[in-house]
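For reference, the structure discussed in these notes is given below.
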């Protein structure tokens, strides 16, 4: 339906009309037709415009315009102009003011209802309600940027359509807040700014400051990036009240500063403010980062520490409030499973280390760079050797603590975490690290703190990947199979570096000159780079692709700018050399001499370049030196001549002054003589006059006259006397003048004679110099001609050499081609050899385990001990002999021949713990390869079983030494696989199984059952399993268990073990390349010793313990007998001890048994029984095998368990009961044999 134009009278000017008229180009952006259709409803939007013409000027929407201002006519209603749409007052909108999608139109209508409430003149909202409403609008606009212009249009309409003064102020205050939240689009920003500017300059007094504030805020916001988060209610309320909030910004060393901010404060402004607070001038490379730190257990003992941390650059164009919004979001994000606590905050640090950093010596800048480099090292970003790591730690100690800390090795070992990465701390004991750092500290002991910091920065800078910015990525496309799936990319001035993620391991570096092209998408990045001479495209997935490209481009620009600066610096140096030569030439004050010197220098340079002979160069050098000497002498003579002339002029000036004084004296003498003559001539006349008057005077008068005459006469005489004195003085002065003239004339003549002589001498020298210069010119001409001849000869020779070089180049090219082909063939051979080496490694493992099996499935070692003090006091004798390393022998009840027993190894009484472990440590490799390994000690009480298995502090036994060997194997293979270790420790005391690692006071202990898992390994459900990562953790677990083990003193042993002790270490290795999982177990069993009650003197509880021990060992003897005689029934279930050892004796375990025996004749019967049992054990064969699960099988098992759980099926048990019967088929096969 068309709108009928309605003619209305001229409307008064309203501030902002000119800006709206000038924005006619935006008409197509407004949905004027949709607004016009609203007229069909009861008094729709544009229907209300018709009433504007009928109202009085005072009733129209007026922002306080002046009647004196020229009026602009209102357009007819039917045209639906932009002025009408932005000026009409009335009910809330029923459609959007701009052309938007249907979804956005619905949102804009809802937001208009909220906006109408906010600017309602009669609505008094609480601060929290106001902030909530503004936050609601901000969230919608941030999610839908198209709504930003719509909200500005609605707000302009609100500022022009309201009538009440309070409502108008509310609208402008809200416009200022919206200007702080988001900026209009590029099309609208000109119109909005012109509108605000017009109202700020021509509006009413109370609105002008609000309009200026809104305009200023929008200018700041338009220069920044789009917001990512809606501000918090506190930030909105504070901005509305013109108040500032405080934000805490931390540093990497743990210090912090709090800064003021509001919703419009950008990161760049915050960085500048913080730099002024900490007095940092060079802050261009610094920025704000959001940080999230994860804390959890870092040791098996439960000690909490920092696991990892994430840093994200906020960006200079971002807002501080966005950084705080990121932190609020981080608190709800998922965290690693091992993390027990998370902290967040805002961090101030360098965005990247740049080439120009090396030239900055500002103390604050150096300190912050040092702290960041130290933090990167401690977080494990720099894989280093032990020596380099220890040196970096020593520099940190010197910079932070001084030399005193290194002197206290114990304190240093307790604080290693402050100076070394946690991963490196676990590679060796703390004391070894502390001693290594102390050795590396010796050369840096004399450095000051600042020097130590600079030395650390130089050392980090010297690393290929030093001062890198690190980005976690995931491989998408690797054409040559060089990189793992998860990796870390480091970028510095040298290029792009690739690292394995866990553990941090350096892989490869691509130099900047090898990177041909790079680019990024929102979640990916690619590099086109040269590898081994060929171009390849690598693609990676990352959330920081833009930051990666920015860092790489920055370093490329720095390198190019440095090359340009070096090239520009070379040109001024040449110009300065030329100017210096010119100035030296000017000092001679002779154009010909300067030209001659320049020619000489040029000739010398040309001769040097052309490769003249040594003698010619020496002649030119001598001539040039002589010329310089002559010029220097000439300059000195000219200076002397100038001095002489100056002295002559001074003497002449003095003579002229004396002549002037003499003329003055003569003039004064002439004046005095004239006065004297005048007096003499006037005296007779005065006498006649006096005589004429005498006749007329009385006697009294005569008397008076006579007195006057006397006075005059006296005066005349005095005048004559003075005249005489003056004449005498004149005569004296004349004589002095004559003497002075004579003296000056003689001196002047003498000086003139001397100067004339010197001038003659200088002229002679000058003529001689001229002659020398002429000779030098002639010699230079001769040399120049000789040079031309030599140059021609050399040119011919050089052309010949050039041809030879070209032939040599062609020859080298052919050789290079041959070498390239040879290297390609060698590369293929190397690849073939690597494959063969891999096969050989597999064969080595296979043959090694076959060799171990060939030694005996259950190997038995015999060991005896020295006599104890009690045995020596009882006069007992050592009767056990070991004729060789495989035999034990002892006398028996009068038999003529000693009884002998054969074992795999026999260790006499003086054997050390190291010798005993030497032939045992290879079983550690079997456990690493996935086998079940058991080492147990058997023998009577007091025979040395516990000493063999555990030892003491001075002589550690098999268990501590085996743990050290395990860690050595892990460190050796750290680049090939990752290792996870768990351990448990049990005690069988009086037929009761006890968990030694269960925490004290943890409540009722669960029941411990002995089961077998699907691999045939004995396992004890509900036992405490402790995860360990290094040797110290394992030894701590062992000491924890040994402290609570049951021991007692008997007559045969001061500290007798009253229980059987089992310690097991489960080792799970994962191949880094194939993902294959290998799981092995290493167990140590310290059996309680058999004893005779009469000998041990046991009674009470000790007697019951002895009976339980003998009962368990008797059951073990039954099992050994049944296995040795190959009976079909093996009584494993007769006792818990045999159930625990069911996989070690006759099971699937690699077993080593130590039979410990007493050497004395007093225990000969117990020794004979122990050796007999050990001989039977040696005949038992186990059926062992590796426990290896491929990556594919592991994935299938996890999927099967997942789908079973989905289907509601109960998870099947992984353990089974231990049975007495062996396999029937095996028994039948044995019978058949």
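The first residue you see is number 1, and the count goes up from there.
Just so you know, glycine gets a Cβ as well, placed from its N, Cα and C.
Bear in mind that TrEMBL entries carry predicted annotations, made automatically and left uncurated.
Keep in mind that this is a model prediction, so the values were computed, not measured.
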Per TrEMBL record, range annotated region 'Disordered' [choices 55-77, 78-100, 101-123]: 55-77
Stretch carrying coiled coil according to TrEMBL (options 1158-1185, 1186-1213): 1186-1213
Surrounding CB atoms that lie within 10 Å of the CB of residue 940 (ATP binding site), all protein chains: 24
Residue 942 (ATP binding site), number of other Cβ atoms within 10 Å: 27
Winner by Cβ contact number (other Cβ atoms within 10 Å) across the binding-site residues 941, 943, 946: 943
Close in space, distant in sequence - residue 939 (ATP binding site), Cβ under 8 Å, 6 or more apart: 945, 1087, 1089, 1090, 1154, 1155, 1156, 1157, 1170
Residue with minimal Cβ packing [other Cβ atoms within 10 Å] among the binding-site residues 944, 945: 944
